[in-house]
Amino acid sequence: MTKKRHLFTSESVTEGHPDKICDQISDSILDAILSKDANARVACETTVTTGLVLVAGEITTSTYVDIPKIVRETIQGIGYTRAKYGFDAETCAVLTSIDEQSADIAMGVDQALEAREGQMTDAEIEAIGAGDQGLMFGFACNETQELMPLPISLAHKLARRLTEVRKNDTLSYLRPDGKTQVTVEYDENGKPVRVDTIVISTQHHPDVTWEEIDRDLKEHVIKAVVPAELIDGETKFFINPTGRFVIGGPQGDAGLTGRKIIVDTYGGYARHGGGAFSGKDATKVDRSAAYAARYVAKNIVAAGLAEKAEVQLAYAIGVAQPVSISVDTFGTGKVSEDVLVELVRNNFDLRPAGIIKMLDLRRPIYKQTAAYGHFGRTDVDLTWERTDKAAALKEQAGL
């Protein structure tokens, strides 16, 4: 079947978006706990609305952290520092409702089913059972240097740049809430050739004009991020298309942890298992196995075994070994997908304990992932973004 030129769109949001505030609070609490108790079990959910933060969840730990203090410091760091923003780090109410992890769940995580039934060797007995059932996807493609789809890559860079020009006072009239969206045109061979549409909505001071915002964002945000060769005379720009965005953040919309799972991953370009990341320690396969799946997919593409690769992992609660591993290369693979699955099994320990060890996940590294994407990051060193398995995969594949 002949391929046609087509458009694909992805979005991102700034760290001041209500849902992203929640993700950052949840991961800040997780990091604070892990910095004192690496083996803590954390499932921390946050909701924000006008003048209020609620933190709830299940946390089992030997340490103490000051949750209201962490919440206020996180909000202050994002930039909600004045009451007239409708949400302020100093004056917002902070409510907490924290329980311990269910003993029924802990029983499966503490000792994997294989260990309880005597199926594992002594060396494997410490393997952790999956904290839940579920399916997770990882993806990589050769559209960008970081092996991510171009639409989400550009959307994240625009969102990050929006925050940079606000915080460094290049555009001091900007406020923390904002969203970006990028539509990329692909040619008949599935290669990105141009940017068709850019949408940016940003919260701002009430006295600034739309014309000023339009001019400044094109000059200081879009030009600074999007390669000039991708923009042409047909590219469309929608800057604050409603004309005004003064009321924003939690005053404009309530926020919840885990409501930006497509922004967090591949911008809709790859499939998603449905599980969110933020506020969860690494025994939760929603997070750790999604990171592992990205690690696998990225190394497959970096090894030249495929131009794009999507990896699916699936787990049963309390069972260490994944119940399934599959790889889809969308017809771009240099070897069969059966061979790729075998290579994955031979080179990656995809039991929860194996993932935690392989990617060193018991560290306080998570707040930095809670805005601008968990994958394709070039500004921070994330273990699942490394391509240290690529050479071995290539050699074992006989390429």
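Quick reminder: no glycine exception, Cβ is built from N, Cα and C everywhere.
Of the residues His6, His17, Swiss-Prot places His17 in the same ATP site as Asp177, Gly178, Lys179, Arg244, Phe245, Asp253, Arg259, Lys260, Ala276, Lys280. Taking each Cβ in turn and tallying the other Cβ atoms within 10 Å, the top scorer among the binding-site residues Asp19, Glu58, Asp253 is Asp19. Ranking the binding-site residues His17, Arg244, Lys260, Lys284 by C-beta neighbours within 10 Å puts His17 at the top.
Summarising model confidence by region, the region 'Flexible loop' (101-111) averages a pLDDT of 58. A sphere of 10 angstroms centred on the C-beta of Gly178 (ATP binding site) encloses 29 other C-beta atoms.
The Cβ of Lys280 (ATP binding site) has 27 other Cβ atoms within 10 Å, all protein chains considered. Taking only the Cα positions, the spacing between Glu45 (K(+) binding site) and Arg244 (ATP binding site) is 31 angstrom.
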